[in-house]
Amino acid sequence: MPLRAAQRQGEKALLKKASFSDRGMTLEQQINESNQYYLDAGIAVVHKKPTPIQIVKVDYPKRSRAVIREAYFRQASTTDYNGVYQGYYLDFEAKETRNKTSFPLKNFHEHQILHLEQCLDQEGICFALIGFMTLERYFVTPASFLIQAWQNWKAAGKSSMTLAEIEANSFEIKSGFWPALPYLEAVDRIIADRKQEHGNK
């Protein structure tokens, strides 16, 4: 079912759940709310990957029950989100900044860039969802551009992507209510561009 039609169909069913709660939300909260909308409306299945936990101490007050007494979060091994949309595998990282003119590449980790590159090699739809929170602007940045920017940083020391570069190489999305961040609209454009590219080969 096309995204727009599915959204119209799902809006009535989800109307009671909608609120103005996305105002003041973190980027992650907005994405999670959007993913729930997409799931409830039957549009896509996208979930946040759990953060690995290293367990340090466990008590066993009863033979059939274990209680974790001490643990810490380990660094996530890949990206924040993955899922399926219209037969396409999605994999993306969410990052936000208070900067107004650029986005620091140090906010990404090398293993995340490598993971996105590997998923791209398998024809996955991969991107970063970047939020300029002070400006209230949001961009879906294809992984191909992000990887190129990362490589330029390592080779030439250019440690950030300017807002102008992101504007020129990304798809801007507007925050709303159903869903809070309609990032699948940008995914549709990435898919269309890929089909056109493959058709020209």
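Cβ coordinates are placed from backbone N, Cα and C, and glycine is handled just like the others.
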Residue among E93, E96 sharing the Mg(2+) site, where TrEMBL lists T78, D80, Q112 as binders: E93
Residue with minimal Cβ packing [other Cβ atoms within 10 Å] among the binding-site residues D80, E93: D80
The one of T78, Q112 whose CB sees the fewest other CB atoms within 10 Å, among these binding-site residues: T78
Helix, strand or coil at D80 (Mg(2+) binding site) [DSSP, three-state]: coil
K95 (site 'Transition state stabilizer') and Q112 (Mg(2+) binding site), distance between Cα atoms, whole Å: 12
